[in-house]
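Here's the structure we're looking at; comments come further down.
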Ligand code: HDE
């Protein structure tokens, strides 16, 4: 079945307040459109006299400025967004009647990625869960898929959300630490509240420090219900699968990046889009039978702290999303976008997951404060592309000039409008609340027994990881708990780890200098699910950043070849030289030894060895550094630092034949995995082959990070 494709970007209801832009050659005006002669001087009683209250332009300009900030999101305050398009394969249309899942349907989308805990100005690469929220502007209204990059959540019931957020936010007395879970209140909460252990395990693993938003999976977390064209229903879980694979930073990179480039993820996303390396995800569904138990192979589908391994229920791909346009105004789009898990379209409905039910209340409520009133759906970024015909009226920031006199139903004065779907001859398919039978029960504040197991999936996740990933988990727990001042809190969390995995517990306890406790809870073993590991695949290298280290006397032909090969492979070459300016081939230097840091590069190609004297550009002819006693070159310490960090972070390093780089001079063992000499013709090809597995994992056999 094919469906009419909604016109992409143009909202049907024109926004009367659309930005008039800045017409070239026109005068600056007040907000009322009055042309102005001067915006640089206040109106004064003489050049040295007092400023006059009468100056309307001064007061308007400053008053508007005073109110430029709105409250930041209470969680997920820091984010970055992009526009794109979702194209449906049609493979979901049997189980879901939503038109945007019909074959070939194209739907405009806006996605906002975020961290959870930090303030709006915090750094991108902190250890945290990431939000992955998608607004589908469908022809049947807006559908928001407001998910995370981790398929399980901290808590099972919405009523606990303020508690977990209070715990992870900075300590209330001094408001530190910012955007960190490495502090006492967080670990106090998760060790006392053991249903949080599974989620915590996921973000202590590498998923907590993604390499890029482009390399994250997304999950709807909760189970949703879909209704097919024949009226049959299924339970489903949503998955986003990134084309580039799931990759992470290592902890040293994440920490360096927080200082060196706090906008790392935001920059990466916008630069990839600018460079035409459009990020892509496939949308997939795990589909379960809709029965009264709402269980699947012993996993309660209403428990948001549990996920269903793909080994047990494969993910069927139903469409593809491509992000191809950066926002033009951060505030208007990324800041003002308002998501809500209750923004559903016909064919998709919620379930009784008590966390999801809590969310259904929260999102509108928070927008009232954040966006200043009930009309936030009229903001351009939130405006549905489907026609809106509601009876909501007035309120703060009302931008519609509604016609008619009878905004109530039924009425006989406005021609009876609006009708309900199906009434008065209209054929629109309405949203129908699924008529779920609600079991006769007593009112109580309680969880089902099936919510009681808090450890088995944390264990299953940990044991399914590759050895190097497990090592990262151990180091993450040891680091985070090492930042806790309270010994009681540390010991309690170590006890929780004893219930998850004895080896993990021993490693962390050893690092903290604490005794290793015995498990105090009996935990059933679940079958392992290797699909949670990020290792072992081979991925496209599009948009990966390769640093080409050259000097101002490197041969033009060498630079041209390396840059061309990198571009051809879809990678992003960045030229690193001792100082700025242009290189022999005329290319501008992208990074200097002062501004380059390993974190920015996925791999390095060394086209020249940089010596301290390279910095003196005027003296190019004598550029070779003083020979070391052993006959090698004197190396600029910043060049050495770049190499050593790249080495420690297990990045491919390829040195061109003949440049005379002796790795041991830079403190790098000569025989190291992924540290290679190469001719200029094959250098980039070699890098691409190594990058396909993301990092040179073999080097972590003797890890230093
Ligand atoms: Fe949210 N969450 N949340 N959340 N959430 C918000 O809404 C809330 C939960 C998620 O980029 C807030 O507009 C409650 C799960 C994302 O704009 C707020 C509960 C998942 C974003 C809110 C949850 C999420 C939010 C803050 C427990 C993954 C960012 C500002 C019942 C499935 C959206 C806002 C964006 C944002 C409440 C749990 C994801 C306060 C009460 C589970 C990606 O309304």
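The backbone N, Cα and C atoms fix where each Cβ goes, glycine too.
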Of the candidates 112, 207, 211, 325, the one that TrEMBL places in the heme site of 73, 161, 359, 363, 370: 112
Three-state secondary structure, which DSSP defines for residue 112 (heme binding site): strand
Per DSSP, three-state class assigned to residue 148 (active site): strand
Euclidean distance between Cα atoms of residue 148 (active site) and residue 73 (heme binding site), Å: 16
Inter-residue C-alpha distance, residue 161 (heme binding site) and residue 76 (active site) (nearest angstrom): 13
Surrounding CB atoms that lie within 10 Å of the CB of residue 359 (heme binding site), all protein chains: 20
C-alpha spacing of residue 76 (active site) relative to residue 370 (heme binding site), in angstrom: 13
Cα distance (Å, whole number) from residue 363 (heme binding site) to residue 148 (active site): 15
Candidate with sparsest Cβ neighbourhood (10 Å radius) among 73, 76, 112, 370, the listed recorded positions: 370
Whole-number Å value for how far residue 76 (active site) lies from residue 359 (heme binding site) (Cα to Cα): 14
